[in-house]
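Novice: Quick paste of what TrEMBL says about this protein:
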- 38-99: domain 'LIM zinc-binding' (DOMAIN)
- 100-161: domain 'LIM zinc-binding' (DOMAIN)
- 220-281: domain 'LIM zinc-binding' (DOMAIN)
Amino acid sequence: MTDRFDCYYCRDNLHGKKYVKKDEKHVCTKCFDKLCANTCAECKRPIGADSKELHHKNRYWHEDCFRCAKCYKPLAAEPFSARDDGKIMCGKCGAREDGSRCQGCYKVVMPGSQNVEYKNKVWHEECFTCFECKQPIRTQSFLTKGDDIYCSPCHDKKFAKKCFHCKQAITSGGISYQDEPWHSECFKCRTCSKSLANTRFTSHENNVYCVDCFKTDVAKKCHGCKNPITGFGHGTNVVNYEGYSWHEYCFNCKKCSLSLANKRFVITGDHIYCPDCAKKL
């Protein structure tokens, strides 16, 4: 005699019939659908013995119900994400929903797409543009002014100081002379064109000269010692009289060598004398 093989719930004989094994119990399909089937998280109907079931984190779906909550794409064989609100989404819709938004166009920046991150903000690469020329920055260097972003050429054109000599932007370094900015390479001797940055120089009639060229080409010659009067070094004061000039230390009596600066003197020929020596001549 054959042993009985019954449904755990209704005790119907299961020999030759379809059944489901549930928690070590044998259950006919009718009892399974009524008493054991999981409820679909989407349609809220039982997932019967004849239906294909999908599950994720203690939730269950009919295969046809497991779809993206946004675009309704079937996800049984696709990557998906489960959101905190319980919705299931395909990768693309999940990225759109949760992804960062571009500061330029305010659309979602999709994972893996070309983008730029700066100060905890993100842009599509083509949206990260210069405020002035509107061209994408891409791999160029850039500078900021407030919240605005500029490529280097536009920033220099709009904000950099202009060289007093060539009128072009000073992007780095530079010097200041008479409250005017200069490129270091533009600040040069009028005569020999040597750079005057970090060296001694003097000016004459709005032109600047190195010390050597000033002595040779510009400076007046002392009527006493015949050397240039430069204003550098010992004796910076000058005595001028009837078109002639002297270093102050050269303006002395030819006979007694008395300094005649700020004193009465007599000129005889090319020489100067104190009044006392002049009387003796």
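Sequential numbering from 1, following the chain as shown.
Placement of Cβ uses the backbone N, Cα and C atoms for every residue, glycine included.
Just so you know, TrEMBL annotations are computer predictions that nobody has curated.
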Novice: Take every residue in the domain 'LIM zinc-binding' (100-161), average their pLDDT values, and give the whole-number result.
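Specialist: A mean pLDDT of 87 is what the predicted model shows over the domain 'LIM zinc-binding' (100-161).
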Novice: With DSSP, how much of the domain 'LIM zinc-binding' (38-99) is helix, how much strand and how much coil, in residues?
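Specialist: Counting residues by DSSP class gives 11 helix, 18 strand, 33 coil.
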